[in-house]
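Engineer: Okay, handing you the structure first.
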Amino acid sequence: LRPPIPVPQTLTSLLPSSHSYRGLTLVLTFLSYTSYHLSRKPISIVKSQLHPNCSALGPNPHNDSNSTTWCSWAPFDGDNYKELFGALDNAFLVAYAIGMFLSGIFGERLPLRYYLSGGMVLSGLFTALFGLGYFWDIHVLWYFIVVQVCNGLVQTTGWPTVVACVGNWFGKGKRGLIMGIWNSHTSVGNILGSLIAGAWVSSDWGLSFVVPGIIIAVVGIICFLFLVEYPEDVDCSPPVHHVMTTSEKDPEAVTSNEGPLSLPGQSSVGHSNSPKEPAEEPEAISFLGALRIPGVVEFSLCLLFAKLVSYTFLYWLPLYIVNVAHFGAKEAGDLSTLFDVGGILGGIFAGLISDYTGGRATTCCVMLVVAAPMLFLYNHVGQNGIGTSIAMLIICGALVNGPYALITTAVSADLGTHESLKGNAKALSTVTAIIDGTGSIGAALGPLLAGLISPTGWNNVFYMLIAADVLACLLLARVVVKEARGWCGPMARQRGYVVS
C-alpha cells in the first residue's frame, strides 16, 4: 500500500468533511496554475519594450547609436527582432512540450505535492533570472534562451499534477462545469500577469519577471504545506468516476451515457460501496497503454492545433495590437486581457454544454467551426473602434480557449479515469501529460510560425490560425460521429426502431 503523505494536524481539525477538502483542493490548484500562467505572460508584454519605436521617445541621447534603435535592448535591436522573439518563445515551448511527455510519467510515481511544489519554486527561480538580465545588464541571446529552456522544463510539473489532484477528488457527474470554472485559472493568470508586467514594463522591465517569479514560488510553498493529494490520505471516500448503466448488455446505452469515451460492449465500473478492504496499489500505466485508451489520440491531435491558436494569441497579441492599433505597450497589454476574459466565459460555457449533452467532442467542434470566421473578422474589422475591438476580443477568446480548456480539463480527467482501466486511476497524470504534451507541440509551433510569417503581413498570420482551427475540428470528426450515434440510438429505440 502507498503510505499516505502526512498532512498538518491543524489543517485536519479545521477541515473535517470531504466537501471542505474538495474546496481546499480546488482553491489551491486554482492558485497554483494561476501563478504558472502569471509567470508565463510577462514575455509577451515586455516584447514591445525590448524593441520599441525609439523615434517616438524624442532625440537620440547617444550620438554614436543607431537613431532608430538606440532605446532597444540588445540583442533585440536588429531588424530580425521578431525572429529572435520567436526563438525565445520556441525555446520555452519546445522544452515544455518535450518535458511534458516525461512529466506525467514522473507525476504518477512521485508524491504529487512534492513534485508540484518543487516545480513551482524552480519556475519562480528561472522566471526571476530572466528579469535579472535587466539589472545585470546582460545582452547575449544565449542567456535568455537557456533560462527559457530551463523554465519550460520545470513548468511541466504543473498541469499533470493539478489535473490529477482535482480528478482524484471529483467524479464525472458535473466535471465539465466544475473544471470549466476551475480552468479559468489560465485566463486569470494571463490577466494578472499582463497587469503585473505592465506596471513595470515602461520603467524597469526586469521587475515584470522578478515579481511573478516571487509569486509562483510563494504559492508553491503554500501548496506544499496544505495540498491533500488523495481522499484516502485524510480518511475520505474517493469519488465515483463511472455510473452503472441501466443495461449492462446494451452497448448503445453505454455509448449514450458515457459519450465518446466508452468501449462498446463494456459496462461502467463504479467504486464499491462496501467497506474498504486492503488492496495492492495498482501499477502506473505505460505510455503506450495510455495511448490505447479510446479518444486519447484524437483529442491529443485536436489540442495540438487548438493550442497552436491559443498560444499564438498569448505570445503575440500585445505586439499585434501595438503594430496595428498603434497603442503603447501598457495599453496593448491591458487590452489583450480581454481575450482571456473571453477565455473564462468560453471554458465555463463549453463545460456546461458538454455536461448537458454528453458530447465533449461535438462541443469542441462547434466552437472551433464558429471561431474560424470570427478570427477573420477580428483581423479585418477588430481595430475599427475601441468598442468593436473589445467585443471581438472577448468573442474570439471564448471560441478559441473554450475547446482548449475543455480538452485539457474535463476530457483529460474523463480519459484518465476511463472505464477500460477497470478502476486504475494511476493513468490520470500520464494521460493528461500526453494530451497536453501533444498540444504543447502546437503551442511551440504557433508562436514560431507567427514570428516567421508576421514580416510578410499580419493577414497571413491569421490565415494560418484559421487553418489550424479547421484542422483541429476535422481531427475530432470520428469521435463526433460516435457521439451522434450514441444520441441516435436511444431516440431510435424510443420510436421502436431496431438499431444495428
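Yeah, the Cβs are placed from backbone N, Cα and C, and that goes for glycine too.
Automated prediction, rather than curation, is the source of TrEMBL annotations.
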Engineer: Transmembrane segment per TrEMBL sits at which of 22-41, 182-201?
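Structural biologist: Going through 22-41, 182-201 one by one, TrEMBL flags 182-201 as transmembrane segment.
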Engineer: Please work out whether the transmembrane segment (361-378) lies in contact with the transmembrane segment (461-481), by counting C-beta pairs under 8 angstroms that are 6 or more apart in sequence and asking whether there are at least 3.
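Structural biologist: They are in contact.
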Engineer: Apart from its near flanks, which chain residues at least 6 from the ends of the transmembrane segment (84-107) lie with a Cβ under 8 angstroms of it?
Structural biologist: 40, 43, 47, 50-51, 75-76, 78, 115, 141, 144-145, 148-157, 159-161, 164, 284, 287, 311, 315, 319, 429-434, 436-437, 440-441, 443-444, 447-448, 450-452
Engineer: Determine which recorded stretch among 142-170, 207-228, 390-415, 427-449, 461-481 has the most C-beta pairs below 8 angstroms with the transmembrane segment (114-136).
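Structural biologist: Answer, by Cβ pair count: 207-228.
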